[in-house]
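Peer 1: Below is one structure. I have some questions about it.
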């Protein structure tokens, strides 16, 4: 893709999200979602392979269905309230339709089937955009309408997402699919706290985006898409091996890394609201994610796979690509836990 075309498409994707973030009118929000969806498809298809075309088609059909449900919910809300404002949704049917549409756009269970397939069919850079930037707009609308959402519906979807995100990633060898299932699980954690403390959801989203960006950048730097290619990292870039190990543990939510902080705060907030069984169940389910990340870390950093190259290290290293954003992102992704007491102001 030529740079001028890429710049135009990327600015349209960003403009669509910004329209959603800054609007309080339902029609403008819907237009923002449509702009974003139509602009992201050429980015997903930039590889020009049958797999990328299939992934883009799946993404388009899912997002178009979600947009249709969203518009239906908006029209029902307009019939009952007589206004286009996002401030409140008095009708439960309209609220349910809007919630389902937004969770479908996020890829939460039971509408999660497209996420692993689409992520696997596209390049690492496109997958990075899909699993980070594309989550911002739907979550911002859920944040704004959180008082009108049915808590039981959202909690049910959150539990299903955490379960499927954990179980789905157990049998995977493709890194993009593992990150896709991890995304589904993280969306579940964000959804469960949304009706109790929406600001905590924003914190969780920020940490999730930082960790996912760092992980994708490391995989892109190393050109790794499978666990087998990742197992040769020690031979090419020894420092990357340690960084990937720590980032995997952080994404799995292992203390004392940054990924543990949002889970800790969410469990604390739920227990303050006299909910004991739900946070206990979610904490146990999070161990599934931690397990497949530990397995990935073991493959990457703690074992040496059979190789035709008998040397322990390359005599000539590849020229390291300079990624300016990577060092601060890795620091935030791994060392944020000591700052957790400062984040208590969010409550």
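Using N, Cα and C of the backbone, Cβ positions are placed for all residues, glycine too.
Relevant sequence annotations retrieved from Swiss-Prot are reproduced here:
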- 3-23: transmembrane segment (TRANSMEM)
- 25-45: transmembrane segment (TRANSMEM)
- 60-80: transmembrane segment (TRANSMEM)
- 96-116: transmembrane segment (TRANSMEM)
- 122-142: transmembrane segment (TRANSMEM)
- 153-173: transmembrane segment (TRANSMEM)
- 178-198: transmembrane segment (TRANSMEM)
- 200-220: transmembrane segment (TRANSMEM)
- 237-257: transmembrane segment (TRANSMEM)
- 274-294: transmembrane segment (TRANSMEM)
- 323-343: transmembrane segment (TRANSMEM)
Peer 1: Counting CB pairs under 8 Å, which listed stretch among 3-23, 25-45, 60-80, 274-294, 323-343 touches the transmembrane segment (200-220) the most?
Peer 2: 323-343
Peer 1: Is the count of Cβ pairs under 8 Å between the transmembrane segment (274-294) and the transmembrane segment (178-198), pairs 6 or more apart in sequence, 3 or more?
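Peer 2: Contact between the transmembrane segment (274-294) and the transmembrane segment (178-198): present.
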Peer 1: Test of understanding: applying the rule of at least three C-beta pairs under 8 Å (pairs 6 or more apart in sequence), is the transmembrane segment (122-142) touching the transmembrane segment (3-23)?
Peer 2: yes
Peer 1: Can you tell me which recorded stretch out of 60-80, 96-116, 153-173 has the most Cβ pairs within less than 8 Å of the transmembrane segment (122-142)?
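Peer 2: Most contacts with the transmembrane segment (122-142): 96-116.
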